[in-house]
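Peer 1: Below are the structure tokens for one structure; questions will follow.
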């Protein structure tokens, strides 16, 4: 066995230490002194930032939610199992962010960006902070392009524009989600990407909804963010912000996106739960004082950007569930005041078989009128008025025995218009067909047709237009307004169809 000389040993040591660089790694840590109900409190972490991700010694993550004088309140992302008093928690220096990019289209993810659809890892372009300041006034442009929902009553009387925030409000089981899903399905042949955020819903209901989107081919342009009823309140609180961040990627790159928050009532409840556990002072209905700011900072991120920034848009359809039709409760009034209008769904109408159960009197679109195509404006201008007059007369008729001819005529027309606006769920109708149908309704083509035959008239009219007069639909699509020549063609087509139609 060869022995090393003193010089050789020295040379080996010299070589070993030549490349050595002393590395000092400093980590700011804290100690957990309380854990329970999805939250933890820790001493230390003196320089932690608000909404910074922190890591527990078992690998679980949390968010610094409350920064107090002597401790930090942390909301735990996921299960609290394995976190105990005395455990070390350390800073990561990273603010909560979400993956964004076109790779998320067609995927189902949780609010932390983990895939839930079994289709492998998420392909994304970069990660973006979930809390962002909304675009300022100078960066915006007034809403002027239509976002077609495929729902006759909405496209005609409560039009929605790209970049608008339109609230869908109503009691449970009145068809709120159906209106939102119809709007997603109506984007099939457009350039709009869709994001559906499910907050606090049953997993079975979410699974049914994803299956429907896949069956209709809508998952090709849709991303679903899921925080179900069985997920912790922390994930339910984060889900809308994550969905919004995904939508902003499209908006900021000159594209168009639609986001649905289903629903913000459960989102507010999750935030209330976290705030009360953090000992924040409760206000009205035990919600914290900043619950208005919670929703306003989220919904203000939906915008139509100006041409210098690429003219992209993010349209938001938040959903609010009311209790027994009480729209004057705290959260409904908050969100009504933040949004640019509301679609009010009524249980009474739903139970009468008027579906979608939209109360046209209470529903309004404050900015959508500027986005509605001129052809629809021309045919639907009198529709709202005729329906309002019909509702008044309907109440009056209950007490009056004899009616004059004009009143009877108005009631007959109203009954047919109500029937005309009924629609099967998950069956969006192209706006060109809607225009011809509503033209028929408001110009008396249905007045002598029995009410029960109106739906048959509608179905056969669409088939007639597709097979024999596709030129009319094409012309409406191209011109986007009714001139004398086009109106003449529509009248000729309706006259010809009506002669063939058998009620």
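Cβ atoms are placed via backbone N, Cα and C, with glycine included.
Pulled these from Swiss-Prot:
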- 170, 171, 172, 173, 174, 175, 176, 177: ATP binding site (BINDING)
- 363: site 'Required for activity' (SITE)
Peer 1: Of the binding-site residues listed here (170, 173, 174, 175), which is spatially closest to residue 363 (site 'Required for activity') when Cα positions are compared?
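Peer 2: Closest candidate to residue 363 (site 'Required for activity'), judged by Cα separation, is 170.
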Peer 1: In the structure shown, which of the binding-site residues 170, 175 has the fewest other Cβ atoms within 10 Å?
Peer 2: 175
Peer 1: Using all protein chains shown, find which of the binding-site residues 172, 176 scores highest when you count other CB atoms within 10 A of its CB.
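Peer 2: In terms of Cβ crowding, the pick is 176.
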Peer 1: If the ATP site is taken as the center of the Cβ atoms of 170, 171, 172, 173, 174, 175, 176, 177, which further residues of that chain fall within 8 Å of it by their Cβ?
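Peer 2: These residues sit around the ATP site: 321, 345, 347, 350, 357.
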Peer 1: Could you tell me which of these recorded positions, 174, 177, 363, has the greatest number of Cβ atoms within 10 Å of its own Cβ?
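Peer 2: In terms of Cβ crowding, the pick is 174.
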Peer 1: Does DSSP give residue 177 (ATP binding site) helix, strand or coil?
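Peer 2: Where residue 177 (ATP binding site) sits, the three-state DSSP reduction gives helix.
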Peer 1: Would you count the other CB atoms within 10 A of the CB of residue 171 (ATP binding site), including those on all shown protein chains?
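Peer 2: There are 18 of them.
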Peer 1: With DSSP assignments reduced to helix, strand and coil, which class does residue 170 (ATP binding site) get?
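Peer 2: Reduced to three states, the DSSP call for residue 170 (ATP binding site) is strand.
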Peer 1: Which residues does residue 173 (ATP binding site) neighbour through Cβ under 8 Å, counting only same-chain ones at least six apart?
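Peer 2: The list for residue 173 (ATP binding site) reads 347, 350, given in order along the sequence.
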